[in-house]
Ligand SMILES: Cc1cc2nc3c(=O)[nH]c(=O)nc-3n(C[C@H](O)[C@H](O)[C@H](O)COP(=O)(O)OP(=O)(O)OC[C@H]3O[C@@H](n4cnc5c(N)ncnc54)[C@H](O)[C@@H]3O)c2cc1C
Ligand SMILES: Cc1cc2nc3c(=O)[nH]c(=O)nc-3n(C[C@H](O)[C@H](O)[C@H](O)COP(=O)(O)OP(=O)(O)OC[C@H]3O[C@@H](n4cnc5c(N)ncnc54)[C@H](O)[C@@H]3O)c2cc1C
Ligand code: SF4
Ligand code: FES
């Protein structure tokens, strides 16, 4: 059992959770993730480590409440317990030697990209962050991101805050204005990563993406997380989750992530119904 | 005068049409009377050929003599001297190619049902186990990586010798293949957890949710005060076939399919992990893993389940009993057949698998006749899921992160003549991590051998 130190709602569907897990906190590096199982009957879900404190022995994740498991996770009060948290999993991002980087985050992807931006910034690289959100109500980590870069371009789809537009527009504008990036790191929904990669390919800029296929064990024993990279089969949980964005097959990722949609909808509705019944009683 | 009945005493089983709809154990086990009757078939051969067929050398005629007298607890004590997991071995060992293959009674009839008797004793004593005596502490710490049969056996033996043992397990439940691979209807999970509890009574600490190589490396274990390390991390990395269409929705490795079912209990609606209930399923492969996956698919309600295997009936590597059970449950065998392509519909879901027929040619390096494709024999089988059970190899995590640990080109840990001493000082290994996918009892034998070697190493240090 692992003690939940905080589980704070950041906006209506985003929660930040800090868990006591000293062994993981000691080893975590940017780009790695944990697998969490909330309760005995729960499923194992992967979440990126968005912060870690080796001295305090805690790790922090930021997650979106999109289905039954994450909704249940959000119900655990501070002082409550998680059944399991295991990690740090995946390879750490390769960040050494980078001098100038663009870190592109889409929605919740910003929480996943933030540790990388912070690491680069702290290690003397020049970092631009391009962060995109659907609207201003769901902006997260604005202050933290601002502190981790030279230049934060905040965009919203509807223009309710920052610039109106998509992250691809923001990135293109910076490149066209003369920014010379060693690397573009992009994390967000597959469709967004796909379009950013299409753009950077035109400019011939190396691009790293973080893949988020469906996972079970996260240790390389099931192959549920397999993705195609340059025509080869890779297991995202051990070979990734970071991959060369110009080599990955995003359409396949999107197709595979839809696999359990019916089952998940069912589970999620059951959970919501039960909650409503409880509420009405 | 021994009981000269030529056949084994029959063990009750759930009827095929009933068991196909539930997850309860297929084989019901002997009653006391049946066990005594079967035990009386043993001739107590002086040279004990059966014992030579047992990788951990259970004193077979000895324990059977106790059973014949109705002294089941005495029998269990004899078995436990050399076998740490009798309830497991009695159920899953391929006795037909081990102890029972050597049994004298097998020459003119059926061998003594050694496995069933072992199982009976363990089940009979499940709630009558004496409190284990803890050994005098030696004040030395040993780390065991992996809680499969090799790790559990090694840990038990070391604890009995007074070492302070910690088992590190990547998953959230201890047991290795016994919990995530072999299904409930062959090996109830409560039996595995009981065995793990016994181990804890011996003073072994089990830390789940620790991935060695990520959470802590082998080198760091030494830095943290462990004086020897046993690696029993298995061969859990699934192989795919490299044919087109393997990225389709509805294509699984057997490991994924079985893990969802056994470890995550996806077949139960009160557990959160989802699983698809497919209509027509092809399982590729002919080993125990393929049989387990096929029989699970049937229990999830599939109308039609095929085993697709490139060699013939005689070459099926699965245990005879499992093949027999699968057939009884209506699984259809498409032998001498090999998939060449998995076909998907416009949504990316599997709709069929293209196969080619094979014939057996000359024997290959393994001595088995090599299957050769028959040109022009391609045909489609209409399925909505394909489960790949063509083998597993050791996971690369430990070899990638441990200095000085040699592995061969299959990724298996290289050991000295004794089978357990690795190229790194203080590090021993055994089970599937060394041999590649093998059997429970061989993994246990290696765990025991390693405990012996570790004791020698630490005593001399
Ligand atoms: C390496 C990795 C890191 C991740 N990091 C984060 C993170 O930091 N924060 C965060 O909020 N989410 C992260 N995710 C996604 C997160 O795992 C899923 O949102 C979560 O599993 C959904 O669980 P659920 O039961 O609440 O929803 P479900 O009911 O399982 O699903 C709801 C919807 O999400 C889709 N979905 C399910 N699993 C995944 C998945 N693994 N990736 C993408 N979509 C999925 C389903 O198809 C469905 O449409 C990460 C995924 C991976 C693989
Ligand atoms: C479906 C299936 C059916 C089978 N049926 C039979 C049968 O009927 N009879 C028979 O004799 N054999 C059978 N086998 C084979 C048998 O189960 C294996 O040979 C045996 O379990 C090997 O034991 P092991 O201890 O070497 O490894 P495993 O049982 O594989 O255990 C290894 C453990 O190590 C853990 N681990 C791996 N890497 C790490 C790491 N880096 N850090 C921490 N922990 C780690 C794993 O999670 C796992 O729990 C079957 C196998 C399968 C898959
Ligand atoms: S070989 Fe068969 S009959 Fe002989 S001692 Fe062993 S079990 Fe008994
Ligand atoms: S999640 Fe199972 S192999 Fe990656």
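Glycine is no exception: its Cβ is also placed from the backbone N, Cα and C atoms.
Small disclaimer: the values here were computed from a predicted structure and weren't measured.
If you take the C-beta of residue A:63 (FAD binding site) and look for same-chain residues 6 or more apart in sequence within under 8 angstroms, you find A:14, A:15, A:17, A:47, A:70, A:73, A:74, A:108. TrEMBL lists A:62, A:63, A:64 with the feature FAD binding site.
Taken residue by residue with DSSP, residue A:237 ([2Fe-2S] cluster binding site) is part of a helix. Residues annotated as [2Fe-2S] cluster binding site in TrEMBL: A:222, A:225, A:237.
Sequence annotations record features per position, and here TrEMBL assigns domain 'FAD-binding FR-type' to A:1-95.
Within 8 Å of the Cβ centroid of the FAD site, not counting the listed residues A:62, A:63, A:64, the chain contributes A:14, A:15, A:16, A:47, A:61, A:65, A:70, A:108, A:111.
With DSSP classes pooled into helix, strand and coil, the tally for the domain 'FAD-binding FR-type' (A:1-95) is 12 helix, 46 strand, 37 coil. Those binding-site residues from A:62, A:63, A:64, A:222, A:225, A:237 lying by chain B, with Cβ under 8 Å from one of its Cβ atoms, are A:222.
A distance of 19 Å separates the Cα atom of residue A:62 (FAD binding site) from that of residue A:237 ([2Fe-2S] cluster binding site). A:63, A:64 are the binding-site residues among A:63, A:64, A:222 whose C-beta comes within less than 6 Å of an atom of ligand 1, given in sequence order.
The binding-site residues near ligand 4, defined by a Cβ under 6 Å from one of its atoms, are A:222, A:237, chosen from A:63, A:222, A:237. It is 25 Å from the Cα atom of residue A:222 ([2Fe-2S] cluster binding site) to that of residue A:64 (FAD binding site).
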